[in-house]
Protein chains: 2
Amino acid sequence: MRSLNSSLKKVVQGSLAVIASSALLVGCGQEEKQETKAASQPDKVYKLKLAETWGPNFPVFGDATKNMAAMAEKMSNGRLVITIDSSNKHKAPLGIFDMVKSGQYDLGHSGSYYWKGKVPNTLYFTSMPFGMTPAEQYAWFYHGGGMELMDQVYSPHNLLSFPGGNTDIQMGGWFQKEINSVEDLQGLKMRIPGFAGEILAELGAKPTNIAPGELYTSLERRTIDALEWVGPSLDLRMGFHKIAPYYYTGWHEPGSELQFLVNKRVYEGLPEDLQEILRVAMRTAAYDMYTQATHESGKNWVSMKSEYPDVQVKDFPPAVMSALKEANDRLLAKHAEKDELAKTIQQSQADYLQQVRSWTDISHRAYLNSQAQ
Amino acid sequence: MRSLNSSLKKVVQGSLAVIASSALLVGCGQEEKQETKAASQPDKVYKLKLAETWGPNFPVFGDATKNMAAMAEKMSNGRLVITIDSSNKHKAPLGIFDMVKSGQYDLGHSGSYYWKGKVPNTLYFTSMPFGMTPAEQYAWFYHGGGMELMDQVYSPHNLLSFPGGNTDIQMGGWFQKEINSVEDLQGLKMRIPGFAGEILAELGAKPTNIAPGELYTSLERRTIDALEWVGPSLDLRMGFHKIAPYYYTGWHEPGSELQFLVNKRVYEGLPEDLQEILRVAMRTAAYDMYTQATHESGKNWVSMKSEYPDVQVKDFPPAVMSALKEANDRLLAKHAEKDELAKTIQQSQADYLQQVRSWTDISHRAYLNSQAQ
């Protein structure tokens, strides 16, 4: 997934000044009509403001917020109006957590792992290396205790967090040279942010951060040896397939779920019907984004291959995968040592993965392998 | 998937008499308040009746209708009330299509391929052998033209059809003996209904239909050699793992999507906000059922394996899969010859599958294989 820092550099031209925009709970001036069986306060229009990390008209991610707001407004017959400020407006893509916590914004759309520097346990609710696929992770969120654990992490901050859309499995990245052994990672200059970058650093690679606008040139001129972005859904327009021969399959974000943040007091101030409209609109928009990501990835990958048929898809060799997994486990163990809740979340994810993967292996893996023969 | 006939025999004890229950659009007697910004007709309660193919409290499938109705009622603040009649009530699990078409019921929950004897092109909107997985098929429905094609099939019957919940990939079934070659299918007595049964018959097997209540004994006493049901989510309580040593992986229903049917005139008679509430509630309930099926399958498969560790998961050999695929293609070609729309739908599915699977192969297949090493 694009790092927050990347998004930041991409979309923010100027300062990080936060444009404060208060939560608005505005009655539209008509009298209350308590006697009706209908909407609890049918004369009241609730205007909520959402801040998203992404720039305006950012594909797929930005479609999720528009889809959510449109459903909410239509289902409420105009009583729940959500306006969306992209990063060009609020100038604080890194500030979504704080702005929704404080009530400057009522809602946010971002990625939970962006807040790991501030609240370390937010790391676990986007996607974990060697972790669950999108369907597996939705099952964990909604049936395996994931929502409850996420609530334990966000509740102390006056925030509600909900799944906000899945990018599908992210690719391992674009490489100028093949990776045939763990040694090939030594000194590898790769743009890969966040926790995955920490894992690679454990194996001697040199994770770097480069502004998105400079990535293409950096990879072309071999200032960096490799980079990861998302997958075909968003990689196509970056053009990396034109300049890098190897596209590695994924390991570090096997089902990245974005996040809707809601200010808890604002949510509790909504009538129950609008709470449910908001909850369902967010839930549907999240699932819908996964469907859209699946579609865009297929379409764009076909397009890349037809334009650049020499692009080679590569799997990291098993020895490299094992080394990455061991480094991942070491880093996670350090987190768990320091924090009881981190340990609980890790255990929940590990247990659930073991259970659900036993099914995925005899269903999806078996079926896809049989069809590829 | 369970055949309709099976559901029928399972849940209906007596006759197939249809209990007519008219669509009710009932004003609750309060005055209209046109001046409010709120719900378009805030004084009117819409009571809709839904008939489902399943018996009462049928797991997973029945949860989808309850989930849908609960969301609709809560989001509408009680203005859209959907009551659910299971097959014990309406006595016509095979009659959902007709009852919703005629307006005896406003809504239905069933499976599109159950109507292939009546409207052959309804076959294509549940799951096709060697076809799309759940995520791939949602992408086809919502971004690849699937919804528009489904509308062409249902619209002449005064019906709207929507995705109604996915069972996930269905297993190939429980077998008393191994299938090592195409010859092993000769004379094989297997309970496998519908189109998949036709395919097996092409290869010399003897598809049979047996009431669900007699399946366990039939398999135990080897009156039949094999049977298919759903997958661990629903197979566990049937107990087949106690008496059959081999559980074959899937090929014939790689992502079975149930169906919500809506009487078109009833839908058009709803105010726009309630139309959207109904549409979103059905869409979310469908996605939610897929998530639940994923969860239940993982949980139940772990349970089966722990209780009966000797159960062996088997893949059909490549030669058997090829023969099944060829038989499938022959049967589909016959449909396409007779019907231009069938040809169009088949082509749309084949083209879309080719596009989206190119992505699934480098994402899900690659990732799952790397993790299984």
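Cβ from N, Cα, C; glycine included.
Not measured: the values here are computed from a predicted model.
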Binding-site annotation, TrEMBL, substrate: partner of B:Gln170, B:Arg191, B:Glu228 in B:Glu148, B:Glu253, B:Glu257: B:Glu253
Integer Cα-Cα distance in angstrom, B:Arg191 (substrate binding site) to B:Trp229 (Na(+) binding site): 9
Rounded distance in angstrom between the Cα atoms of B:Trp229 (Na(+) binding site) and B:Gln170 (substrate binding site): 8
B:Glu228 (substrate binding site) in three-state DSSP notation: coil
Site extent for substrate, whole Å (max Cα pair distance, B:Gln170, B:Arg191, B:Glu228, B:Glu253): 15
Per DSSP, three-state class assigned to B:Arg191 (substrate binding site): strand
